[in-house]
Amino acid sequence: MRVVILGSGVVGVSTAWYLAQEGHDVTVIDRQPEPALETSAGNAGQISPGYAAPWAAPGIPLKAIKWMFQRHAPLAIRPDFTAAQLCWMWQMLLNCDARHYKTNKARMVRLAEYSRDCLQQLRRDTGIQYEGRQGGTLQLFRTEQQYDNATRDIAVLEEAGVPYQLLTRHELASVEPALANVAEKLTGGLRLPHDETGDCQLFTRQLAAMAADAGVTFKLGRHVRQLRVEGQNVTGVQCDDEMIVADAYVMACGSYSTGLLRQWFDIPVYPLKGYSLTIPLADDASAPVSTVLDETYKVAITRFDRRIRVGGMAEVVGFNTDLNPKRRETLEMVVRDLYPHCGPIEQATFWTGLRPMTPDGTPLVGRSPLKNLYLNTGHGTLGWTMACGSGKLLADILSDKSPEIEANDLSVERYVR
């Protein structure tokens, strides 16, 4: 079957790889000259199934109000009063209760765990290299309340069979030695030993090269103008002056998927702006071993080979991609506080990207209201964590194979009535 994939980020390229493995004739289209130049370019680098959780959680509405008056708040909202923003925020608010949180986190962990397994199998099959580490991830708590609140997530982890370790402040240095110097600032941590890290952009480009060798065609530097639809079927993709025709189509354009589909149906995918710093590594002993996640500021600090990636923040500001110096201040503050000697922070590169977020945190993976159009978008802050699993799942669905995990609750049907 001829399949066109819109988007060459980590989700689109992973989907292309798995579809090619099923024998499909795959073409990937993207407006950028190379794969992984937008949201996949500078993310935090963590592959963290156990930390997969929706931003819509009990207490978030009240926290959001408090964060409005804090200098280093992890979430900032700039209302533009557009229907898209207001509708998305209202739907998110409706998911901020304990029942929805438990349901949403459980299915996110299910997909993320599956994705981690798919990545490990891909690594065994291909030997792909992307500065990956299998050292687990560590969530750091600065208050006793954060430490106590971890029991809510631990219950979901236990139900999903995800191994974990709840550590006191004195045990943190046993897994992240450099934290010994700042232990007095922390109350403890939650460690997930099976989580991983790696450079998402490097992975995506390596996988794209392997996909090309497997027969996937990449049409890069092509702007998708619109879908051509007749009845309930997509009949082509208009790119500049070229119409590209296939038997099936996959929408993997992240936050931009919403606008391309709006003429036919709405999907609740909205951009959540994030930031990162990439710092040259100066001292191994003063740097993290893997990934640590500061729960207070929602900032992750990840070790690559000779670089440190510091990523986080969330701004609800539409499609604005300006670099906000205040966000750099927050990222620098967190890394200076925890790893002050890891590298020359003043030499860091500063990046921003738009994560495609759904109100309930779960991506849209599967069929759409158009018969031959499939969705693989809305992964939010977890695109790298969920990419391989989402790609394999979508390839199975499109190929009329039974998915290896429950997938019905991942489709857009939970929103489109």
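Cβ atoms here come from the backbone N, Cα and C positions, even for glycine.
There are 31 other Cβ atoms within 10 Å of the Cβ belonging to T15 (FAD binding site). DSSP assigns T15 (FAD binding site) to a helix in the three-state reduction. The annotation FAD binding site is assigned in Swiss-Prot to 3-17.
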What is the Cβ neighbour count of G7 (FAD binding site) at a 10 Å cut-off, with all protein chains included?
31
Drop a 10 Å sphere on every Cβ of the binding-site residues V3, I5, V11, V13 and tell me which sphere holds the fewest other Cβ atoms.
V3
If you count other Cβ atoms within 10 Å of each one's Cβ, which of the binding-site residues G9, W17 has the most?
G9
